[in-house]
Amino acid sequence: MAAPRSCVLWRCCGRGWSRAMRGCQLPGLRSSWPGGPLGMRLLSQEKATTETHFGFETVSEKEKGGKVYQVFESVAKKYDVMNDMMSLGIHRVWKDLLLWKMRPVPGTQLLDVAGGTGDIAFRFLNYVQAQHQRKKKRQLRAQQNLSWEEIAKKYQNEEDSLGGSHVMVCDINKEMLKVGKQKAFAQGHKAGLTWVLGDAEELPFDDDKFDIYTIAFGIRNVTHIDQALQEAHRVLKPGGRFLCLEFSQVNNPLISRLYDLYSFQVIPVLGEVIAGDWKSYQYLIESIRRFPSQVEFKEMIEDAGFHKVTYESLTSGIVAIHSGFKL
């Protein structure tokens, strides 16, 4: 979180409670709830009296969480199909570029937040597996005196095709995780993959646990973006990297007008026709327009404690990849 680790209590703003009040927990996981009834009452009272936005609508912070949950519960089964329809398939290129920018190596421990359907996780697993296989082939080529039986035996004895890499997919929505697990089974992903139900604003993980934190098209949906960024900083190891792929502000006036027309006039109609849900996709478009610009979001990442923060706009600024390091 935002408070220094030397402090016993979180900031007195109702977002957390004393670390000392937390109960027993599994190794590597944290409790994500305040320690007692009083803490829960204070949290509830603050959220009930604080307003925020849900798309273009003004709602209480407590109400927003439920509304966002309902949106993704509703669209989960058609989420991937709608992504293809809305972006004309370009979202796949954007996600590939995120992995190219990440450049994970065998042994990398990744936390993918709001990654329920597994798009980033599966790309990560395929990438590190390919890296590990190339490394092994180089080692075998260097050993010219091995017989083919010895080479075959080395491949057969391979227990970890990922070189120790692991991805933890964390999402607050059970339906999104359900879709992700079904896709993992269909694509044959078993090793190096864990699914966790958790809130980006109060991650159920210990400090300094992951090498890389990713969040793709998810951070604009959290109620407190600053708190989610602070949590990202907390769970990363020193030297760890934060990567965010998110919709941003278009920097070309002509493309901006066409983009607005497509977004507000076409995408909700596609949502109704394909997913039977106009309102959810109307919200998703509105949430994009409410999200901070590239520069503003960069400053928020820096405020959370990250260093060497940069961003790269893609497709004329329709999306951007932000990067930062915990030093």
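Note: Cβ is positioned from N, Cα and C throughout, glycine not excepted.
TrEMBL labels come from automatic prediction, so no person has curated them.
Bear in mind that the values here come from a model prediction, so they are computed numbers and not experimental data.
TrEMBL lists T117, D171, D199, A200 with the feature S-adenosyl-L-methionine binding site.
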* To do: Please find which two of T117, D171, D199, A200 have the most distant C-alpha atoms, given that the record lists them as binding S-adenosyl-L-methionine, and give only that distance in angstrom, rounded to a whole number.
  => 16
* Structure fact -> If you tally other C-beta atoms within 10 angstroms for each of the binding-site residues D171, D199, the top scorer is D171
* Asked: Within the chain of T117 (S-adenosyl-L-methionine binding site), which residues six or more apart in sequence place their C-beta under 8 angstroms from its C-beta?
  -> A76, Y79, D80, M176, V179, G180, K183
* Within 10 Å of the Cβ of A200 (S-adenosyl-L-methionine binding site), how many other Cβ atoms can be counted across all chains shown? -> 23
